[in-house]
Structure formats: C-alpha cells, structure tokens
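Taken verbatim from TrEMBL:
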type	residues	note
BINDING	137, 138, 165, 166, 167, 168, 221, 250, 253, 275, 305, 333	pyridoxal 5'-phosphate binding site
MOD_RES	276	N6-(pyridoxal phosphate)lysine
Ligand SMILES: *Cc1c(COP(=O)(O)O)cnc(C)c1O
C-alpha cells in the first residue's frame, strides 16, 4: 500500500507493522522501512566508521567489524568518499603546474569558491549572488554584524534566544562592546517559560512587538543546537522587519537538515558552517547570505582584495571596485582544499535533493521518537526503570532530525556506556544527550540498533544502583 503524503510517522510505523503482522517495535519494521527507502543508496557515498576504530569502544560488548551507530552528524558529518579524489586532483595540479593552477582546471583556484555556489543555492533557498563561501562561521557572523548592527541611541539592542551557542553569544557581546554599549542593557535574551525547555513562537513575537523599536538586530539560530528546536524563520523575520529591525539567522544546525527559503522569506542575512550536516570536514568552508534587496546598500566594514570585481582585481591599481552584495564581503583568496571537500558533499545533496531528504528525515526521526516512547512497552509496569525524556518539540514543523534526550539515570553513565557499545552521539551540559539520525547516511535499522543498545545501557544503570 502506498503511504499517503499526510501520514504521520507513528502511523507509518503502525501501518507497516500491521502489513507484516508484527509488533511496531519489531526489527522487521526497521528492515522494511529501509527496503522502501528511496535514498538508502546514498549511505554508500560515505565512509561509515567501524566499531573497532572508535576510541571509547569496549570490544567485549560488540562485534569489532560492524558499523558504528553514527548519530553525530549534527556535530561532524561523515566523510564523502569523493573528498579524497577531489583533494588529489588539486594536489596533483599544484605539483604539476604550480601557480598556473590559479587559472586552469576544473576548479581554477581564484574562483574555486564560485565554482560550487550553484550547488549551495538550493540548500539555503537563495540565488547565487546572495551567497558567499568564505571563512569560518563565527568570522562570518562578525563580518555580517559589523555591517547590519549600526546602533543608535534609540535602537541599540540585539535580540537572541536563551542559551545561544557560546560563539554566537560571545560574538554578540563583543560587537556590543565594540560600540561601547552596556552588554546587560543591549543583549536582549528571550528565555523559555518557567518549567519549559523550548521557546514559544507567540512569546518571541510578543517581545518583538513590545520592544522592537529599541531592537537593531534580531539574531536567532535557525535550529537550536541544544534543544533541537526549529524556529519559525519566516514569522520571526516578518515580525522583526515590521518593527524596522534587521533579522539574521545562524543556520549552523539548520542547513542541510531542514528546507530553507532565505530569499523568499526575505531574511536580511544569515551564516552557517559546513562541517555539521553539510559533511565538509572539521573547519570547513562556511557560508554567508545577504538578501539581494541589500546588494547596493549594505557594504562590508572590512574589505580585502577578493571583494574587488574579478575583471579588474589583478590590475593592482588600488582603486576598489566593490562587488555588490555578499561577495564583496570576501576578504582573502579561497582555500581550495576546503572547496574540494565541500563540493564532494554538495554534489550528493544535489542528487538527493533537500525535499526528499527532509521527507525521509521526518520519518527517520519520527521512528526514533516512536521507538523511544515504546522502548519498554513490554515491561512498562516496572516503574523503577530509568525514564527517557525528549526535550525536542514533538511536532514535525518545530524540529529537524536531532532529538535531545534526558534521563532519570545519570547522563554521564548513559553516555559513556553508549560509547562503549559503538553509539556515536554527544552529551551537552546540563543533562542532555543529542542524537541525530541523518537521512543521507543513517538507516532505520541504525535507529533500531540504537534503541536496543540504549535499552541495555539503561538496564545496566538500573541494576547498578
Ligand atoms: C557549530 C556552531 C558554531 C561554530 O562556530 P565556528 O566558527 O564554525 O567554530 C557557531 N554557532 C553555532 C550556532 C553553531 O552551531
């Protein structure tokens, strides 16, 4: 039977179980979901770590030759197999022709970043002139704030969410200090309601409505790194702009995870990194977006030679011809080796498409959620067993692939024992473990195995006490 497009993940799981004639938590359901997964072949485009190579592994608990359960794509995406080939192409070119490599080959080094812009635009929903690939994420955030944050005595605040990523928090703090502003007064942080983990959109919109006249920039993450909450980017953008604020987003955890339409949503500016869901390797080439409506009005505060028009850049006459828009914000020549790894990954995204990836992701994470809720459906009566709580919002529109879990057992114990069994995920203070099944390379069977390993860890936590 064909699934209806509106079917919820839990309903899909139950439908398949009844088709097979087994319990929804049966392994056969995971295997059937994998069989029906049209994106399953993309897993072979990546190197999947093996149990034996993981530093915390306990080889008495696992088969050393099995694949790890890699749920850490939210922190560092896996390596696409083509990375090495592309790196070798550029190393080879460098060895054989030295400086001529700037102008020739598949990726002339001078325009290396530009050769892959066309692979990035669909992922963020922008046209090529609105995006630049440069620097690291925090650097790009600073460069954008230098141009978008122009405080006046009346409008001087930056609005952000509570527990923003430390780098973003420090970037904002230091930008305020750069303008001689009092951080306490100018950094407007929205917290969840008492007893709640995530923010309500109505509370965000209310602060913007009430205080918008004093806010210069609204700067939110697209998807919160700790809670996994996906913010309503178009609603926040519209509300902020209606009050005369610039609205920008740090998309570190949203890019390559959820569908984005930065141009159509009218977002003023955005930035992201490429080593999380975009799989470009640690320290990968980051991205920046400035909406085309600002192409001729918002100028870079700091300029370098790669912001100069290409046609006259090498005349070296020191008369700046600034490229309009975000590409004028580029300062240095592009790091070609970082271009290679990003290209290898973006080509896979191009084939898979964000639309199909998101469709699978909703089901994959929905299946994980279903299994967590039912992981002990057989012995729920035994109430002494440790409880798993999901702090990520349960509705599909309010999350990406990541779920953040808390436990009634000590988090460090759970985390260490998952690590010994080959589950790669991460822990974040105060008490959360983040798990991110990534639709490009994770399978439904990975989720199934994770649940059985988690169960055995929680059982052992129980018996230890
Ligand atoms: C991962 C992440 C960063 C990391 O910044 P880098 O400059 O790439 O080191 C910053 N902000 C957010 C929200 C992140 O998720």
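Glycine is no exception: its Cβ is also placed from the backbone N, Cα and C atoms.
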### Task
Based on Cβ atoms within 10 Å, give me the single least packed residue among the binding-site residues 167, 221.
167
## Note on the structure
Across every protein chain in view, the count of C-beta atoms other than its own within 10 A of the C-beta of residue 165 (pyridoxal 5'-phosphate binding site) is 20
### Task
Using the structure shown, find which entry in 253, 276 (the recorded positions) has the sparsest Cβ neighbourhood within 10 Å.
276
### Task
In three-state terms from DSSP, label residue 221 (pyridoxal 5'-phosphate binding site) for me.
strand
### Task
Report, in whole Å, the straight Cα-to-Cα distance of residue 276 (N6-(pyridoxal phosphate)lysine) from residue 253 (pyridoxal 5'-phosphate binding site).
7
### Query
When a 10 Å sphere is centred on the Cβ of residue 305 (pyridoxal 5'-phosphate binding site), how many other Cβ atoms does it contain?
14
### Task
With H, G and I counted as helix, E and B as strand and the rest as coil, say where DSSP puts residue 276 (N6-(pyridoxal phosphate)lysine).
coil
### Three-state secondary structure, residue 165 (pyridoxal 5'-phosphate binding site) (per DSSP)
coil
### Where the record names 137, 138, 165, 166, 167, 168, 221, 250, 253, 275, 305, 333 as binding pyridoxal 5'-phosphate, the maximum Cα to Cα distance in Å
31
### Task
Give the distance between the Cα atoms of residue 165 (pyridoxal 5'-phosphate binding site) and the residue listed as 'N6-(pyridoxal phosphate)lysine', rounded to the nearest whole Å.
14
### Query
Including all protein chains shown, what's the count of other C-beta atoms within 10 A of the C-beta of residue 137 (pyridoxal 5'-phosphate binding site)?
24
### Task
Could you measure between residue 137 (pyridoxal 5'-phosphate binding site) and residue 276 (N6-(pyridoxal phosphate)lysine) for me? Cα positions, answer in whole angstrom.
12
### Task
Compute the C-alpha separation of residue 305 (pyridoxal 5'-phosphate binding site) from residue 276 (N6-(pyridoxal phosphate)lysine), stating it in Å without decimals.
29
